[in-house]
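**Student:** Please see the structure below; I have some questions.
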Amino acid sequence: MRVALWALGLGVLLLRARAAPTGGPNSLRLAYRPSPCDGVVLVQHEGTWGHVCNREWTLKEASVVCRQLGCGGAVGAPKYVPLPGETVQPWLHNVSCRGDEASLWGCSLGAWTKSECPYEWVVVALCSNGTFREVRLVKGRSPCAGLPEIRNVNGVDRLCGLHREEATVFCRELGCGPALQAPRQDGSVARKYMTCGGDELTIRNCRLNNKFRSGCDFQRDAQVVCSEHTEARLVGGEHSCAGRLEVRRGLTWGTVCDADLDLASAHVVCRELQCGAAVSTPQGAHFGQGPGLVWAEAFRCAGNESLLFHCPREPGHRCGHGQDAGLRCSEFRLVNGSSACEGRVELQVQGAWAPLCAAHWDLADATVLCHQLDCGNAVATPPGGHFGGGASAPWPDEVHCVGTEPYLWSCAVSTLGAPACGPGDAAAAVCSGLPDALRLRDGQSRCDGRVEVSLDGVWGRVLDEAWDLRGAAVVCRQLGCGAAERAYEAAAPARGAVPLGLSRVRCAGTEPRLTRCNVSAAALVSAGASRDAGVVCSGSLQVRLAAGPGRCAGRVELLHAGEWGTVCDDGWDLRDAQVVCRQLGCGHALGAPGAAHFGAGAGRIWMDELACEGHEAALWRCPSRGWGRHDCGHKEDAGALCSESVALRLRGGAGPCAGWLDVFHNGTWGAVCSNALKDASLSIICQQLGCGERGWLENRPGHTSLGTSWVDNIQCRRLRSSTLWQCPSAPWHPHSCTRGEEVWITCAGSSGTATQDSGEALNCSLMGSCPEEGELRVRGGEDRCSGRVELWHAGSWGTVCDDSWDLADAEVVCRQLGCGRAVDAVAGAAFGPGSGPVWLDEVGCRGSEASLWGCPAQPWGRGDCGHKEDAGVRCAGDTGAVTPRSASGSPLVPAPALEAGTLPMALGLALGTLLLVTSLVLGARWFRGRDACRGSGMSGSLPSEGVYEDIGVATAGEKDEAAGAAAAAVLEEEYDDVAEPEPEEGDAEEGALLSPTGSYRKN
């Protein structure tokens, strides 16, 4: 009874009513609540209290009770089924009121008797002066959708297990029309906690059965959706805050005519989606034509509404999908400049605008922002405060963009532990504006890629059958990207139709803008004769750390001439790593591992024998042998570990979803302080660890001190796709907490799906045992050939979005796993939602690719999906001799144990070297031992035919890299500086090396 009555503001805190009886048959009170204006209706007769036994109990009877008690009007008249032992003897039977009586005794009263009540319930009155406050739907996208809740003076209570009848009453009470969706869709009604007939005026008139309260399972409940529910979304854009506007009314999605979307309504949509303010409203189905309905109704917002739901509506235009409205929003803006395309950079958080700190702000960051704001390309980044400091303190966020990202939040962001920004030190940007602007697409940096030009506000392709360096020089100069290094024929846009911008461009090379060249906007050449213009400018030089636990630890890679390559570890030391760490905004260097510590790279080896002093602005400013000149193999790839490499874990709990919260920083694990940690921060931490959406603090004595406590005063903001690294806090300090302030967190999620964020990747990278870049696995399925698809990339496991996911994609995955043909391409997180990044989106395999890496897709990590859209596969099963392969095509099999024939072979070789007299005899033994090894090596692993096919046989005079782990180690020392021969076509598997983890790695 106690729990059930609390759900309606009637929680039992007193087992016995303490109100003094008035004496006589006129005595009346509401019991089992501290408030005298809520509770079970009790009457006193012959000195004894009893309850009222009624078949029907309505607001009319309850209103008389409330009036008589001086408690205002009645707000509810529920019937309640108590647990055994909670009942009170019935006294008064069959009361019926008109509702205007002065007291209950003026109503039609039945018998005063202690005879058994034929009904299992007792009657309750809820009065306006009691504890009830409101009914509402929460965590939905409008007041007419969400999870049902009743709010009382002392808190809220979720209602569980509602069916269509109860949802109908809830929607009607909220003025939201009929219910279209109920939390429970099944037909089981035998064990319902709350039961409505469907015609009640309020949910507080329905019957409660406390016997079934304990069986309530909130995880099974869907949201209530009423017919008046309205929400918006953006579909088909380059990021989650751009796309075709679609509006959901009730349960039905439809598009909007572009003539019916004005700027005020666009601002409201952006605000609803937590996307800041509207930037532009592209027309003519710019983001593709939508499916389904086109709503013939227009929203007429004032512009200050929080949701589209609150905007007035009126009849709109009638149009087809060719006029579907589009919208671009941005949480960032430029202010205090001469136009909307220059000024101080500001960020909107929870409705308030504040400047962004100028720390680490550069042209690559400004390029992304200018594209995001539809302002062309970046021209300059004036020093901090150039356009004024703003009235608010700057946000300390440090963004680290490459320049190709579609949205500023797509860039790496480091905020946690950042020092406070100086007053007025606000970032600034000057953009070119759209007229005649250029941008480079599908490249590796802001200064290489396929050329697009803006004409009349529309971006278009640049086509030419004779594109040359003179045209490329104009493009590079206009973009502030230095000199042209290469002009090439670029591939056509991979996704979406991009209109023609310019055709047959003829430049002298000295023009200030591409449109000043001899150009045409008409297709002057036959279809297929022209190719997209591509450029590589000298400003495209980039450095990155790959295959590590994050952006600040990994294998050193350089982008030169439009191609990524590695650095040889000859002469590599902490001074060289220091330059890399500073260049990336990753603090100082903690380590400079060599010998492919983060895995062997691929492609070119760009630099060797670097000799940095440590103060150079870029790695390519250091002395070296020159671009591409080396005598190394990829087993000598250099790496770096920087102080800003961070990770997160929970330690000391029974599972990975509870424990002391630790952060890895500056090469050391340290505690986190509990000061200022609120629900928003706890939610972000738990989600980042894959431990559900909620968490709470616990007082735990006896913190096992690590000697370091890194960070205090964490105050996370509610941003989309936030991580702890984006949360403002006090600056990093090794003694941030006083004793007892270390935080223990318990998350609501199950340990089965938990991940320790980048902790796994960090630990594996420090131990030299990370999975190979591009390694693929499935999780959550019935066997190793079914489950959620996951990929190892950039130092962490991530998932694949189910957008465009089909059997051709699944076919590639199944082949890569060695699991035969694909049976099913599963969508909608059918194997459970994953955690970590969503690495791939819009995968478009043909089905014949060797690995998922070879399929067209959106750039890594640039999708617009959540984990509820994780893709999965079901494969036919093991195919026997087929070997699972990594992205590079290398087989992933266990390392073979040393066989009996291997030891005599090694001894024979050693003795043959020392005892020249018996060399012929020992040589014969060596050949016999080798034959024996061939016959039995890999026994207990895979069939020997498959092993020979994958490993190959080294010819005389070559290093025998498959002879065994010890021999391989010796040979690597002897041949460290010998260039490794490239495999010839058709021999892709020769020369495979066993990694320390037992997987094969290609050199």
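The backbone N, Cα and C atoms fix where each Cβ goes, glycine too.
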**Student:** Between C764, C770, C801, C814, which residue forms the disulfide that TrEMBL gives for C875?
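**Tutor:** The record-listed partner cysteine is C814.
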**Student:** Among C127, C144, C160, C171, which cysteine does TrEMBL link to C66 through a disulfide?
**Tutor:** C127
**Student:** Of the listed cysteines C568, C581, C716, C727, which one does TrEMBL record as disulfide-linked to C642?
**Tutor:** C581
**Student:** Which of these, C686, C785, C801, C819, shares a disulfide with C747 in TrEMBL?
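**Tutor:** Out of the candidates C686, C785, C801, C819, the one TrEMBL links to C747 is C686.
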**Student:** With a cut-off of 8 Å between Cβ atoms, can you find at least three pairs linking the domain 'SRCR' (776-876) to the domain 'SRCR' (28-128)? Only pairs 6 or more residues apart in sequence count.
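**Tutor:** With fewer than 3 qualifying Cβ pairs, these stretches do not touch.
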**Student:** So if I measure Cβ to Cβ from C66 (disulfide bond) and keep only same-chain residues at least 6 apart in sequence, which ones fall under 8 Å?
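**Tutor:** C66 (disulfide bond) has long-range Cβ partners C37, G72, G73, A74, A125, C127, S128, N129.
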**Student:** Which of 28-128, 135-227, 438-538, 543-643, 648-748 has the most Cβ pairs closer than 8 Å to the domain 'SRCR' (332-432)?
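**Tutor:** Per the Cβ under 8 Å count, 648-748.
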**Student:** For the disulfide-bonded residues listed here (C107, C301, C814), tell me which residue's CB has the most neighbouring CB atoms inside 10 Å.
**Tutor:** C814
**Student:** Give me the mean pLDDT over the domain 'SRCR' (543-643), rounded to a whole number.
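**Tutor:** Mean per-residue confidence for the domain 'SRCR' (543-643): 94 out of 100.
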**Student:** Whole-number answer please: how many Å between the C-alpha atoms of C642 (disulfide bond) and C401 (disulfide bond)?
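**Tutor:** That comes out at 18 Å between the alpha carbons.
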**Student:** Measure from the Cα of C747 (disulfide bond) to the Cα of every one of the disulfide-bonded residues C622, C632, C875, then give the nearest.
**Tutor:** C875
**Student:** Spatially, which candidate from the disulfide-bonded residues C107, C401, C581, C814 is nearest to C845 (disulfide bond), comparing Cα atoms?
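**Tutor:** Minimum Cα distance from C845 (disulfide bond) across C107, C401, C581, C814 lands on C814.
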**Student:** By CA-CA distance, flag whichever of C622, C801, C865, C875 among the disulfide-bonded residues is nearest to C568 (disulfide bond).
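**Tutor:** Out of the listed candidates, the nearest Cα belongs to C622.
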**Student:** Do you know which of the disulfide-bonded residues C401, C632, C747, C801, C845 has the most other C-beta atoms within 10 angstroms of its C-beta?
**Tutor:** C747
